[in-house]
Each structure stands twice: as structure tokens, then as C-alpha cells.
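The structure appears below as C-alpha cells.
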Amino acid sequence: MKNVSDSPAATAEAAHEECVELVAKATIPTRYGVFESHVYRVKSTGAEHLTLVMGDVAHGESVLCRLHSECVTGDVFGSYRCDCGEQLDLAMRYIAAENRGILLYLRGHEGRGIGLANKIRAYALQEQGYDTVDANLHLGLPDDAREYDSAAAILRALDVRSVRLMSNNPSKFDTLLKHDIPVCERVALAIPVREENERYIKTKQVRFGHYFDENE
């Protein structure tokens, strides 16, 4: 009898898991509680992603999870041009409340993957009336250059079986499902819409198909 692990699908998934490697690990105390940090390197690009884990997630079903794209202006400086910093804060609060969950901090995703300098250039264009998509395109850059395959590989490496995903982004759901990581539930992150980011949020909804409930 042929071993299931030798099937083409299993072989492909094993190869996908090997696209990242664990390069560092330590405990990090935060204002939200104590997390175990893991740094995974993407072999093909050298990108290093930080994973913060609280509680026992091995063999985990319905693990609360956030795939968070790096955003220095929002995450570090609290910029209101986006909702990234507030989403990060709320996601960590939700994980702490359950005493179990995973935050994947995806580096190299600054400005939807165009980098910090280009993001600031895009901000300047937004001040002239461009939305976030058209600003990127005007600069000759993709509207969204991020990939989430490495995030799926990290979840596989952590032996996570299924997740409850804190996200509005359909691309994240699609990528996890593509790699056979079921998403049991979308957990809404209800961030207040502000005058400074109202157009940004509307653009995500209209041009990228992001999910937004009435109470979000």
C-alpha cells in the first residue's frame, strides 16, 4: 500500500514547510503577558518573520491567530493614516485574554510590500488626492506585493491544525486554505474609523474586497 505521506500533495506540502527555517527562539515579557518568540527565515529571500506564541498551540485546533504586516509608522509611532497599530494592539489583547494564540509579525511587508521609502512617497501622493492603490501604481509599483505563503509554512512548522483568524483581508484566508490550514472563524478587529484613515479603510474594502461588518 502506498504511504499517504508519499502522495504528490503531501510531498508538495512538505517542501512548502521547508521554505522557512527556525533561526532563533526566546521568551519575551510584554505588557500583554509573556510570549515565546520564534524567528523564522524565508530561505528564498532571507526575510525574517517574528512569531509570538502564547500558550500551547502544538497540534492546536481553532488557534487564535493574527497575520500582521509590518508597519513601522502605525505599529511604532501610532500613525492614524492606517489602522495597523490599533489592530496589532487589539490582536495581542485578544490573545492575552484567551492565554493562547499566535501573532505572526511579517517583516518586509511595509507599505503592502513596497518598502518604507516608497510608502512615504505614496503618502505624499495621497496628500494630492490619490488613494492608496493609485498612489502605488503611479510610482510604478504593485498595489500589493505581499505574500502569505511563508506565514502558512510557519503555522505548519508550529503544528497548528486550524485557526480563528483575526483579519479582514481575504488574501490571508485564501492562502491559508490553499495550504490546507482551515480557518474556523473570522474574528473581527473592531477599530474606530477616523477622519485621517477613513479613505484608506474604504479603499481596502472597495478595491481589495476586505471584510467589514457594520460594527467594525
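The backbone N, Cα and C atoms fix where each Cβ goes, and this holds for glycine too.
What TrEMBL says about a protein is an automatic prediction, not a curated fact.
Of the residues Thr45, Thr132, TrEMBL places Thr132 in the same GTP site as Arg66, Leu67, His68, Ser69, Glu70, Gln87, Glu110, Gly111, Arg112, Ser167, Lys172. Site annotation for Zn(2+) in TrEMBL covers Cys82, Cys84, and the matching candidate from Cys65, Cys71 is Cys71. With Arg146 (active site, nucleophile) as the anchor, the candidate binding-site residues are Cys71, Cys84, Ser167, and the one with the nearest CA is Cys71.
Here the candidates are the recorded positions Cys82, Cys84, Asp144, and by Cα distance the one nearest Glu70 (GTP binding site) turns out to be Cys84. Reported as a whole number, the C-alpha separation between Arg112 (GTP binding site) and Asp144 (active site, proton acceptor) equals 5 Å. In this structure, the CA atom of His68 (GTP binding site) is 13 Å away from the CA atom of Cys82 (Zn(2+) binding site). A Cβ within 8 Å of the Cβ centre of Cys71, Cys82, Cys84, the residues given for Zn(2+), is found for these other residues of the same chain: Ser69, Thr73, Gly74, Asp75, Ser79, Arg81, Asp83, Gly85, Gln87. Residue density at Ser167 (GTP binding site): 24 other Cβ atoms are found within 10 A of its Cβ, drawing on all protein chains shown.
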